[in-house]
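**Student:** My structure is below; once you've seen it, I'll send some questions.
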């Protein structure tokens, strides 16, 4: 056998080995300025992730298709519903639906047989999907302007609204902007507007980055396992205001909400970070700015006896006038670095094998 230099061997080993460029163990840094680099390191594009993604996702990304939508014409379709219906059931390719700026007054459902869809708005422009469904008309979770049942969904640079009026106390006024009931979904620079039950983060692993979510009561609810990064949570109006109603129902369920480097704002006072809608909710806020609108007690037991012993409500290194723990309810978890770390990684949403950055417009 001929002589092969060690440098050549090293070269061959590097280029023959699988490239693992995302990790489920690297925590989001405490320094907000380091978020872009953390994201760039851990959420690289498909072209640099071959051999590390879910096989079905990798195959889909290798066969991308683009569909254009413009209400004014000059595109493949004039409505989003027409574009979605054009995608065959059993779809196996990444289909990027590029929406021209404008207001699309449509109620849209992406069914389970159409995975790998991306809804892409133009950065810096206003692309709005809006409808006015209510619980009285459709039932609570079916009232959403956008409902997604299909895996590997993405949305970027979109505003999703439910324009039904703010409900009166005691009325059946739930009106969702979005329901995500599918695994492995990501949202980038999206805005969700509604009042009660704005975002049904219903089921599956989800990632939200650079988003804005607005509502009144339980405006993020469901049983998703979700990581919210650099997202503003804004409560509107006065009276009882609650951000989360996380729906975990047993200690063995692997779901919950984590808010990292987020900001809690509002127009009223006394906002609760969450309430015990179900018996075992799990919600963590880390490195999050809490303005004076946050209720000093922080969390609401919802008059369910015994739930104070089964909830997991954690806060870690939050700041601002609403972040002080002295007056928090006794079941608030003032967690330490070791306890919070699992909530700060992509491992919380099993993200290293499916999470991809948004495509360019």
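Including glycine, each Cβ sits where the backbone N, Cα and C put it.
Copying in the features that Swiss-Prot gives for the protein in this structure:
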type	residues	note
SIGNAL	1-22	signal peptide
BINDING	174, 275, 277	substrate binding site
SITE	196	site 'Transition state stabilizer'
ACT_SITE	197	active site, proton donor
ACT_SITE	218	active site, nucleophile
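Neighbours and distances for these, please.
**Tutor:** Under 8 Å, Cβ to Cβ, and six or more positions away along its own chain, residue 275 (substrate binding site) finds 218, 242, 244, 245, 281, 299, 300, 301, 302.
Counting every protein chain shown, the Cβ of residue 196 (site 'Transition state stabilizer') has 24 other Cβ atoms within 10 Å.
Taking all protein chains in view, 28 other C-beta atoms sit within 10 angstroms of the C-beta of residue 197 (active site, proton donor).
In three-state terms derived from DSSP, residue 218 (active site, nucleophile) belongs to an extended strand segment. Around the Cβ of residue 218 (active site, nucleophile), 24 further Cβ atoms fall within 10 Å across all displayed protein chains.
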**Student:** Measuring Cα to Cα, tell me the gap between residue 174 (substrate binding site) and residue 196 (site 'Transition state stabilizer') in whole angstrom.
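**Tutor:** Distance between the two Cα atoms comes out at 5 Å.
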**Student:** Report the residues of the chain - excluding 174, 275, 277 - with C-beta within 8 Å of the mean position of the site's C-beta atoms, for the recorded substrate site, in sequence order.
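**Tutor:** Surrounding the site, in chain order, are 197, 217, 218, 221, 242, 245, 302.
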**Student:** Residues with Cβ closer than 8 Å to the Cβ of residue 277 (substrate binding site), same chain and 6+ apart in sequence?
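**Tutor:** Non-local contacts for residue 277 (substrate binding site): 218, 221, 245, 246, 247, 302.
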